[in-house]
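In what follows, a structure is listed as C-alpha cells, so that the remarks can point back to it.
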Amino acid sequence: MEVGGRKRGKPDGANGAGGKRARESESFQTGVGSKSKPCTKFFSTSGCPFGEGCHFLHHFPGGYQAVAKMTNLGGPAIAPPPGRMPMGNAVPDGPPTPTVKTRLCNKYNTAEGCKWGDKCHFAHGERELGKPMLMDSSMPPPMGPRPTGHFAPPPMPSPAMSTPASFGASATAKISVDASLAGGIIGRGGVNTKQISRVTGAKLAIRDHESDTNLKNIELEGTFDQIKNASAMVRELIVSIGGGAPPQGKKPVGGSHRGGGPGSNFKTKLCENFTKGSCTFGDRCHFAHGENELRKSAAA
C-alpha cells in the first residue's frame, strides 16, 4: 500500500502541482480575513489572475469609481495580495519612509535658492547629511513622490515663513508747509529728499495741498519709527532754510536761523541763487533779491 501511495503521489509532484496546491491552500487559509478590501487587479485593465480564489473583494460597493478614488485621490493604500509586489499606484498615507536627509539639495546653492528652507527634505550642505527631516504637524500628507524622490512640501508657507515685508506696521503721515519751501526741501536734484529716505527708510513725496494753493503736503510712508525720524529731519530742514514761521504767516519773522546769526542779518546780503535765476524761496528768501532789498546790518 505504501508503494502504491508513492506511485499515486508522483504524477502530482513531478511537475510541482502538489507543491502549488499546498501553497495555494495554505495561502487561502491565512488570507481569508483579507476579504474586506477591493482587489486592485480586478478593477484594472489587466484583470485578476486568481479568480474566485482571490483574497480580495471582486464586488466592492461603488464599483470602479470607488476603488479609483481610494487608490488615486489620497485614500488609504490597499494592501497587495500575500507574496506579490505592491501596486504601483498605491498612495502613501503619511511621510516617506526615510526620516533623514541623504541627498544634497540641487536648489540650495543656486541664484534662486531653495524656497522650502528648513522644511526641505534634502540636505543644505554636507553638514546636514544624515540630519533628521523637519516634519511639520500642520503639513498635509504628501501626494506621492516626484520623479526625483523629493516629496512635495505644503503648497502654502507657514506663518513663520512669512515675507519680511509684513514685519512692522506701515503708516502714513502728512506735513503741510508753505509752497515756497518745497524747492528747498526737495533740494537740487532731489538731494534732500533722497537723503531723508536713505537715512530713515521712509518714503517721501511732496504733493499739492487739497484746498490751499499756497501750501504743499509732505507725505511720509513707512513704519512708525521711520516716519518719526523722517518728520524730525524734515522739520530741521525747514528751520535750516528759514521756514521756521508757520505757513499762515506771509511775512518772514525777524529771527533767522541761517548760520546761527541774529535776526538783524535778514536781507543784509545778496542772494547768490537769485542772480543765477535758481532761487526757489521767492519772497520768503532771507537774502536780498537785488540792491533795492538790501538792508544795513544792525551791527553797523
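Heads up, the Cβ atoms here are built off N, Cα and C, so glycines get one too.
Remember, it's a predicted structure, so these values are computed and weren't measured experimentally.
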- Query: Which one of 99-127, 128-156, 215-243 shows up in Swiss-Prot as zinc finger?
  - Reply: 99-127
- Message: If I go by Swiss-Prot, the feature zinc finger sits on one of 181-208, 265-292. Which?
- Response: 265-292
- Within the zinc finger (99-127), residues counted as helix, strand or coil by DSSP: 5 helix, 3 strand, 21 coil
- Query: Would you list the DSSP helix, strand and coil counts for the residues of the zinc finger (265-292)?
  - Reply: 11 helix, 2 strand, 15 coil
